[in-house]
Amino acid sequence: MAAHQEKKRSEERKHKNTQNDTQTSQVQWGRAWEVDWFSLASILFLLTFAPLIVYYFIMSCDQYQCSLIDPLIDLLSGNKHLSDIWNKTPTLTYRAAGIYTLWVTFQVFLYVFVPDFCHKFLPGYVGGVQEGAVTPAGVVNKYEINGLQAWIITHVLWFANAYYFHWFSPTIIFDNWIPLLWCANILGYAVSTFAMIKSYFLPTNAKDCKFTGNFFYDYMMGIEFNPRIGKWFDFKLFFNGRPGIVAWTLINLSYAAKQQELYGQVTNSMILVNVLQGIYVLDFFWNEAWYLKTIDICHDHFGWYLGWGDCVWLPYLYTLQGLYLVYHPVQLHTANAIGILILGLIGYYIFRMTNHQKDLFRRTNGNCKIWGKKPEYIECSYMSVDGTKYHSKLMTSGFWGWARHFNYTGDLMGSLAYCVTCGFEHILPYFYIVYMTILLTHRCIRDEHRCFSKYGKDWKRYTAAVPYRLIPGIF
């Protein structure tokens with residue numbers, strides 16, 4: 001890449017890991033160039049059943065008090081037909097359409113037109129204009145990092161309305177939850193379809209597009225790497241973070257407000273869900289600049305998987321614990337509540353500190369201290385697609401010496417904490433931990449396949465030094 005060759009040696013050393021990853025990623029990462037039958041079958045399964053799964057979960061709460069079994073029993077026994085369930089499902093309303101349109105428009109406004117000011121007075125926060133990783137075409141995109149600011153503004157207005165203006169009820173999200181589901185689906189499919197059409201006729205960068213010729217695979221996994229409108233509206237960053245994740249905490253607050261309305265109190269389990277998931281959301285926005293170097297932004301193309309997933313899957317299935325607690329309020333014993341809080345906080349600490357150790361190691365090229373001493377690592381070398389040999393380091397100290405993906409372990413601990421707040425009467429609130437276990441295990445495999453292709457025998461040396469993926473001594 002010409003831009004890479006023109007950089008000074010010091011700049012090369014600072015950025016080479018990201019750039020090298022991108023150079024090799026054109027054939028090893030992201031989405032495929034050719035589609036095998038297994039991949040196509042998986043894609044068709046998800047395109048067909050993922051929307052039905054979301055509907056089934058939300059319908060189960062609305063019509064069956066969050067039981068996942070009772071709808072099946074009714075259908076199999078002949079007590080009800082699919083049409084009976086469908087006819088009882090709330091339809092799209094003008095009110096929901098107005099709410100959703102206003103919501104997305106407001107988030108677009110905050111994203112595009114309100115430059116970040118939080119980085120000017122919050123010590124340690126990195127915001128404002130930041131550079132992403134180098135794309136396979138050699139482009140370095142710039143982003144306006146202002147997610148934390150958008151989250152703060154949105155929530156200040158939410159609480160101002162709840163306690164002062166009273167423009168709308170804090171239960172507005174719960175009260176329109178299923179009609180809003182249809183709005184979210186419309187946006188998810190619309191943006192995914194638009195992104196695909198755009199990639200054919202007006203791509204942001206034609207060299208960063210991947211075409212397999214298979215319509216279903218291209219539609220789901222995306223063709224364009226970084227579809228954009230104008231200078232700042234980046235589809236991938238906006239939809240990954242803004243409508244869904246900013247809404248995550250608002251959705252939980254609406255659930256808490258509904259609990260208060262129905263039962264006259266907010267249970268400690270609902271408070272725990274709001275607090276623990278709120279920490280996760282705030283962490284995401286505090287580290288939004290760091291997020292630019294993660295799998296979602298660095299390697300995934302933008303298609304239905306991200307477009308529909310961020311509009312529908314994330315806000316509707318990641319918030320099932322709060323929804324369940326509206327229908328089944330749980331007041332935990334104090335000792336149990338404290339234990340769950342500790343589990344969640346330890347999980348968050350492991351997640352954050354593991355990522356911090358890796359980031360510190362990379363930024364300093366290993367010239368730092370991890371747990372009070374100089375980190376240990378394995379020297380690796382690899383070849384880029386243009387035949388150039390590069391060198392890298394894989395850390396084997398700190399949490400990264402315990403397991404190769406110990407940050408995922410902390411994430412799973414936090415996920416489990418969300419779920420156990422709901423008790424053990426129903427399996428519905430445990431969907432999240434099951435899903436995250438599958439998702440993160442699959443990410444481990446994807447990541448290690450890429451690393452083995454990249455480092456070869458050096459990767460074998462690394463796995464020998466750090467033999468476990470997630471749980472030391474077990475897996």
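Yeah, the Cβs are placed from backbone N, Cα and C, and that goes for glycine too.
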Checking 276-294, 333-351 against TrEMBL, the stretch recorded as transmembrane segment is 333-351
The transmembrane segment (92-114) and the transmembrane segment (333-351) contact flag, 3+ Cβ pairs under 8 angstroms = no
Spatial neighbours of the transmembrane segment (37-58) not adjacent in sequence (6+ beyond its ends, CB under 8 Å) are 68, 71, 89, 177-178, 181, 185, 214, 216-217, 219-221, 304-305, 308-309, 312-313, 316-317, 320, 323, 428, 431
Near the transmembrane segment (333-351) in space but 6 or more residues beyond its ends, with Cβ under 8 Å, are 268-269, 272, 275-276, 279-280, 283, 399, 406-407, 409-418, 420-421
Within the same chain, the residues 6 or more beyond the ends of the transmembrane segment (177-197) and with Cβ under 8 Å of it are 51, 54-55, 58-59, 62, 89-93, 95-97, 99-101, 104, 218-219, 222-224, 227, 235, 239, 243, 302-304, 307-312, 315-316, 323
Sequence-distant residues near the transmembrane segment (148-165) by C-beta distance (under 8 Å, 6 or more away from its ends) are 106-107, 110-111, 114, 116-118, 122, 125, 127, 242, 246, 249-250, 253, 257, 281-282, 285-286, 288
If one takes Cβ-Cβ under 8 Å and requires six or more residues beyond its ends, the residues near the transmembrane segment (304-327) are 46-47, 50-51, 53-54, 57-58, 61, 65-66, 174, 177, 181, 184-185, 187-189, 191-192, 195, 219-222, 235-236, 239-240, 243-245, 247-248, 251-252, 255-256, 258-259, 262, 267, 269-270, 273-274, 277, 296, 418-419, 421-422, 426, 428-429, 431-432, 435
